[in-house]
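To start, the structure itself, in structure tokens.
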Amino acid sequence: MKFLIKSLAVATISILGCLQTALAEEAKTESLTDKAVKHEKLGVKIESANHLFAEKYPLQYDSWKSTAKSTDRGSALEADPRYVILWAGYAFAKDYNKPRGHFYAVTDVRDILRTGAPKDENDGPQPMACWTCKGPDVPRLIEEKGERGYFDPKWAKYGAEIVNSIGCADCHDTTSEEFKQGKPALRVARPHVLRALNTVGWKFEDLDKHGKRPAVCANCHVEYYFKNKTDVTFPWDKGVDVDSIEKYYDEINFTDWTHALSKAPMLKTQHPDFEVWSQGTHGKNGVTCIDCHMPKVKDKDGKVYTDHKIGNPFDQFEATCKTCHEQSKETLEKRVKEYKHEVKEAMIRLEDQLVKAHFEAKAAWEAGATQEEMKEILMAIRHAQWRWDYSAAGHGNHFHAPDVMLRTIATGIDRAADARAKLGVVLAKHGVTTPVAIPDISTKEKAQLAIGLDIPKEQAAKDEFLKTVVPQWEKEARAKGLLPAEEADKPVAAPKAEAK
């Protein structure tokens, strides 16, 4: 008996010793979030070349590559020329296209007039931050160069390095054993994203798989700004709703640009999809981006996999909506179309008020208005347009949270009306008693002419850039193995949807 007790005691001490050692080792191991908060390198390995995963994961890769089929990138400025006036003085007034597949993220940011036509690595209007959402080469470069080494240069500095469009390593730890075994191995490797998630209580390492799914989408589908004109930063310190972010920007006196007509200190919303989703019925009930946009499907042989052709849930209704909803596809589609119509109709009303406010403010300045007279008016314009852009810039906001969007737009209309009422008083005071004339802005070209843009000149410079600089970037990238030696498209079979 004494021997047994002694043996148990020794075993217990050994187990406790091992446990203490394990706990001590765990305490020494900092999470990626902990490192990001301290602005340290994450110490991770990132394989960013998408083509390297085509052979091992053909179903996922081919479905991802099928986003190349979304070839239409129609101009949002042509569809609604009011945008040109709302963004007068900002690069978005030059060129702003409708969204298309992840496959084109790098191509589209190269092609867009907003990034200019740099002739060398120190030329051009934009910082490196403009690459930050575009692909897995970004977290690789941040890890290699450090945040300062990545964010400080001009956009053209690493054009030959950022060549893989949004892909595998943006969401997965592609070098891990877990990933090699065919498991998701979800990971966020952009330090600024880890910091932002941590700010709103979403420390990535503490999330379960359902939390990690939308968190990886928050790599890009979020509102952000360029702190110190270079660093991508999420304005979530006070919350993610429209009022909290507005308050954050106001308190730090942040301005994206000064409006060319009204001189208002403007904010440009990016794409607050994560923020709006989190406020809607799906977000509140734990239905994530993946559930609706990346369902489980079957290939022709019956093998189940996650479809990486991110698209409209109605395209795979049985595998998406039908897993929760009893209604027919036709019923739900009709409801979503109604949401879209209601939100779009309200949005256009706000746009019309803002266009008039910008031109009326311009007239007030020309009539002799003072800074003191215009101060409250300009802030009302700023807040009204922030609410419009928060609603307009997202992808599918009318579906993700239609009630939030309608409320946001309604408060925007209130602020625009307040600005215009006060402008009427100021204009009258300075002798302007007739309605301010609004030029013909019925087309994109006419609207751009009204604000003095020379688009043919900008397009000619861009065409030269695409013909001379970009091919050199791609040549260098292929030499480094970041792109395959040659690419050949192969047919992609459409997946068969399957209910979960």
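Numbers run from 1 along the shown chain.
Every residue gets a Cβ built from N, Cα and C, even glycine.
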Among H102, H341, H358, H383, which is the one Swiss-Prot gives for the heme c 3 site where C217, C220, H221 also bind?
H102
C168, C171, H172 bind heme c 2 in Swiss-Prot, but which of H308, H325, H395 does that record place at the same site?
H308
Given Swiss-Prot lists C289, C292, H293 for heme c 4, the same-site residue among H51, H400, H430:
H400
Chain-internal residues, separated by at least six, CB under 8 A from C130 (heme c 1 binding site):
V109, R114, T115, W155
Which binding-site residues sit within 10 Å of C321 (heme c 5 binding site) - Cα, from C217, Y224, C292, H400:
C292
Looking at the binding-site residues C168, C220, E223, C324, which has the shortest Cα distance to K134 (heme c 1 binding site)?
C220
Farthest-apart CA atoms of C168, C171, H172, H308, residues recorded for heme c 2, distance in Å:
13
Please give me the CB contact count at 10 A for H282 (heme c 5 binding site), counting all chains in the structure.
18
For a quick check of packing: other C-beta atoms within 10 Å of the C-beta of C133 (heme c 1 binding site), how many?
20
Other CB atoms, at most 10 A from the CB of C168 (heme c 2 binding site):
26
Remaining residues near the recorded heme c 1 site, that is with C-beta within 8 Å of the centroid of the site residues C130, C133, K134:
A105, V109, A129, W131, T132, G135, V138, C220
